[in-house]
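Taken from TrEMBL as is:
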- 6-31: transmembrane segment (TRANSMEM)
- 24-269: domain 'NADH:quinone oxidoreductase/Mrp antiporter transmembrane' (DOMAIN)
- 52-75: transmembrane segment (TRANSMEM)
- 81-103: transmembrane segment (TRANSMEM)
- 110-131: transmembrane segment (TRANSMEM)
- 137-155: transmembrane segment (TRANSMEM)
- 162-180: transmembrane segment (TRANSMEM)
- 186-204: transmembrane segment (TRANSMEM)
- 225-253: transmembrane segment (TRANSMEM)
- 259-280: transmembrane segment (TRANSMEM)
- 300-319: transmembrane segment (TRANSMEM)
């Protein structure tokens, strides 16, 4: 236990040193030390599958090596391609689309406490490093992560994969704020981390792994309402905390790029629809007749129609 606490303390130290520095070589060193401290933590958290730890180590080591080579050549020759490679190395570390396959494949091997650390604390260093890079091409990757991270949530049953793809979608928002030079990304990260912490705590407490397990919460209305409220908040449903952080982000982005703002709003609408669609049957389980449920059931065609109307209004405003 003492050694585990020491490892966690060292992980926090690497984060504090990173945010206190502005040298890329120190960033690389801190990422390596962070990784070396985190692997034993995975073992302490009963990740008994050695393939999981080896895969995580190999992927993170590869991205760190790519980062080191890229920063070396970038500062030697100042060629834009190496700046792009730096961004790619950080995207691999974060598990952003299209480099998300490793984290989705490993997610089922993680317990909820380990998943919480990977989705929160382990993302701070790569996100902070991005604040020192100005590559407009990366905004495209942020938009892709926001849209497809949401789209891949559709019809998912595994709660761990739902949290993974939700994280990818939120990364699109955070990296957009970073690239637009807004410091609000850190507040966004803190709010997101709080929501994930509360959700994973409930999932761990009741041993929930699939959406079907939500029926187990029906015995306790308070727990059911709390869990569903947190999930809707994570999806950005008003008036929850998750909506507030997205609303503030939209106000910030609106002043800088209205097209990016529109894409993120569409992504957020898709997110809300998918979360409501997932949660709706469990929210009204045993409380509504089947006829009322079928009458109120959301469908994809309605969402597409609403999105088309929004896009049409947006472009009509541009023409005016």
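Cβ coordinates come from backbone N, Cα and C, glycine included.
When each of the listed stretches 6-31, 137-155, 259-280 is scored by C-beta pairs under 8 angstroms to the transmembrane segment (110-131), 6-31 comes out highest. Simply put, out of 6-31, 186-204, 225-253, 259-280, 259-280 has the most Cβ pairs sitting under 8 Å from the transmembrane segment (137-155).
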